[in-house]
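Engineer: Take a look at the following structure, please.
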Amino acid sequence: MEKNLSSRDDDALHSLSAPSSSYNSIYDLLHYHERGNGLTINGKPSYSIEDAGDQITRDNVSWNGANVFGKSANLTFKFLQSARSTPDGDTGFVKFNAAQISQAKLALQSWADVANVTFTEVTGNQSANVTFGNYTRDSSGRLDYGTQAYAYLPGSGSASGTTWYNYNVDNIRSPDTMEYGRQTLTHEIGHALGLNHPGDYNAGEGNPSYSDVTYAEDTRQFSIMSYWSEKNTGGDFKGHYAAGPMLDDIAAIQRLYGANMTTRTGDSVYGFNSNTDRDFYTATSSSKALIFSAWDAGGNDTFDFSGYSNNQRINLNDGSLSDVGGLKGNVSIAEGVTIENAIGGSGNDLLIGNNADNTLRGGAGDDVLFGGSGADRLYGGSGRDTFVYTAASDSKVAAPDWLLDFQTGADKIDLSALNTGNNLHFVNQFSGSGGEIMLNWDASANTSNLYLNLDNNTSPEFLVKIVGQVSQTADFVV
C-alpha cells in the first residue's frame, strides 16, 4: 500500500537509501513537536491536543452548569463603574480606561470566534456574566505592585465570572500598545468562561515553575492559559505574546461550548493582505510578529507570509506548527481546520501542503515545496527551488499537480523518496517492470508530462504536469 507523507505516517519515511536534504527538511517539519501517543518530553507526559483541552477544562464548568459540554451560551459583559473591593479583598478600584475597554472587547471577540458563545454589553444596574474592573491596593490597603490579574470561573456566586486587573502595572493600563496586557485580558476571560491553567498552579501560591507542570505542552506556545515560556517546548516568540486563543485553548473552549462554524466561511487570508479583520491575524509590515492559531470554518483560505525575508517553515496540516517571520513555532492550525494555500517570503522557505488541492507559492529565495496529496498548483518563484514527491499518491494521473513556473537548469524535481530500491530509471515507454520514469514533452501545449510506473504493469500511477520543457539530465534528484 502506498503511503502519503502528508498523513505523517512513519511507515512512509523508512528505508530510504539516500534521502535528499530537501526530503529531510520536510520530514523534520512534519515531525515538529509530535505529541501524545505515550511520548515523554522534558520528563513530562506529552498530551494530544484533545487531552490538553480536557486538562484545561478539568473542572468541567461553564455558564451552562457542571458537566455540560458542547452547548452554546449567550453571555453578557460589563465594565464596572465602582466596587468597594474585589472578592479577594483588594481595594483602590479604578474603572477600565478607553484602551482597556477596546482591547477587552477584542479579547472577547477572539473567544467568540472559535466557540459558540456570544457577548452582549450591559450597563447600569444590570447583572452580567463577565465583568471587568481594576484594583490598585491589596487587602491591607498597601499599593500592590506584586500581582497582575485574576478571575473567577463560571458559577452562581457573586464572584463568578468577575475579572480583576492591577492598574499599577504598565501593560494593564496600556494593553493597546503592550502585548502582555492584551494577552492578560484574553487569559482572564478564559477563566471567566471556564478554562483553568493547564496545571495546578497559581501566581499567588508559592513559586511555581515549569517543573510543576502536569504535561509537557503546558507552555504559551500551545495555550494562552499557561504561565510558561514557549521556549520550554522549542518555540521562540522573541519577547512577543499571543493575543488570541492558541491551539489547545481552542480545543478547550470548544469542549465546553462547541465550535463556531460560522467564523470565516469565505475565502480568508491570514498574514499579509489579511481580510480577517483581526489584528492578531494581520501583518502590515515585516516588523509585525504573528503569533496565532488559525480557526476557520470554510472557504478557500491562504497563509500569506510574503512580507518576511526570514527563512520560514510553513505547514498547512491541521494541528501543526510553523516558523513564520523569524519566530519559531509561532503559527498553528486548529484541529479540523483546512487552510488551502500558502505564500512564502523572500527567504529560503519550506512549504508543506495538506490533503486539499493546495496552491503553494515559494516567492523569492531557494524554496522547497511539498504539496502532499491533492491536485496541487506549485510556484517556486525566483531562486533555485525544489519540488519534492514522496509517494505516487502525491500526484495522481486523474488529478495531477502542476508546476507552473519551473525553471529548467535551476529548479529540481526531487523523487529520491520514491527511489527506495535504487531502481528508478528513465524509459521511453513503460515495459511493466516497475521503477520506470517517462518524461514527455508536448510542444504545442508547452507542457512536460512526468509519469511514474512504480508497480509491475504498464500503467502509470503518478503524473506531474510542468509548464515548459524539462531536462531529464539536469532537473531531477533521484
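Using N, Cα and C of the backbone, Cβ positions are placed for all residues, glycine too.
Note that the coordinates shown come from a computational prediction; the quantities given were computed from them, not determined experimentally.
Found this in Swiss-Prot, in case it helps:
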type	residues	note
BINDING	H187, H191, Y227	Zn(2+) binding site
ACT_SITE	E188	active site
BINDING	R264, G266, D296, G298, D301	Ca(2+) 1 binding site
BINDING	G299, D301, T338, E340	Ca(2+) 2 binding site
REPEAT	343-360	repeat 'Hemolysin-type calcium-binding 1'
BINDING	G345, G347, D349, G362, A364, D367	Ca(2+) 3 binding site
BINDING	N354, A356, N358, G371, D376	Ca(2+) 4 binding site
REPEAT	361-378	repeat 'Hemolysin-type calcium-binding 2'
BINDING	G363, G365, D367, G380, D385	Ca(2+) 5 binding site
BINDING	G372, G374, D376, D394, D401	Ca(2+) 6 binding site
BINDING	G381, G383, D385, D411	Ca(2+) 7 binding site
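For each listed feature, how buried is it and what is near it?
Structural biologist: When Cβ atoms from all protein chains are considered, those within 10 Å of H191 (Zn(2+) binding site) total 21, not counting its own.
When secondary structure is read from DSSP and collapsed to three states, E188 (active site) falls in the helix class. Around E188 (active site), taking its Cβ as the centre, 24 other Cβ atoms fall within 10 Å, counting all chains.
In the three-state DSSP scheme, D301 (Ca(2+) 1 binding site) falls into the coil class.
Every protein chain considered, the tally of other Cβ atoms within 10 Å of the Cβ of G299 (Ca(2+) 2 binding site) stands at 14.
Across the range of the repeat 'Hemolysin-type calcium-binding 1' (343-360), the DSSP-based residue counts are 0 helix, 6 strand, 12 coil.
Around A364 (Ca(2+) 3 binding site), the C-beta neighbours below 8 angstroms that are at least 6 residues distant in the chain are G345, S346, G347, G381, S382, G383. A364 (Ca(2+) 3 binding site) falls within neither a helix nor a strand when secondary structure is assigned with DSSP, and so counts as coil.
Averaged across the repeat 'Hemolysin-type calcium-binding 2' (361-378), pLDDT in this predicted model comes to 98.
Other Cβ atoms within 10 Å of the Cβ of D367 (Ca(2+) 3 binding site) number 31 in total over all chains.
According to DSSP, D376 (Ca(2+) 4 binding site) sits in a coil region rather than a helix or strand. Counting only same-chain residues at least 6 apart in sequence, those with a Cβ under 8 Å from the Cβ of D376 (Ca(2+) 4 binding site) are G353, D357, N358, T359, L360, S395, D401, W402.
According to DSSP, D411 (Ca(2+) 7 binding site) sits in a coil region rather than a helix or strand.
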Engineer: Tell me which of the binding-site residues G266, G345, G363, G381, G383 sits in the most Cβ-dense spot, judged by other Cβ atoms within 10 Å.
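Structural biologist: Of the binding-site residues G266, G345, G363, G381, G383, the highest Cβ count within 10 Å belongs to G345.
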Engineer: What is the set of residues, excluding G345, G347, D349, G362, A364, D367, whose C-beta falls within 8 angstroms of the centroid of the C-beta atoms at the Ca(2+) 3 site?
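Structural biologist: Checked against the 8 Å cutoff, the neighbours are N311, Q312, G344, S346, N348, G363, G365, D366, G381, G383.
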Engineer: Distance between G374 (Ca(2+) 6 binding site) and H187 (Zn(2+) binding site) at the Cα atoms, whole Å?
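Structural biologist: So the alpha carbons of G374 (Ca(2+) 6 binding site) and H187 (Zn(2+) binding site) sit roughly 38 Å from each other.
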Engineer: Tell me, how many other CB atoms lie within 10 A of the CB of G371 (Ca(2+) 4 binding site), whichever protein chain they belong to?
Structural biologist: 30
Engineer: Pop the Cα-Cα gap between D349 (Ca(2+) 3 binding site) and G299 (Ca(2+) 2 binding site) into the table, whole Å please.
Structural biologist: 25
Engineer: Taking the recorded Ca(2+) 2 site as G299, D301, T338, E340, identify the other residues of that chain whose CB atom sits within 8 Å of the mean position of the site's CB atoms, giving them in sequence order.
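Structural biologist: Sorted by sequence, the hits are D267, S268, D296, G298, N300, T302, I339, N341, A356.
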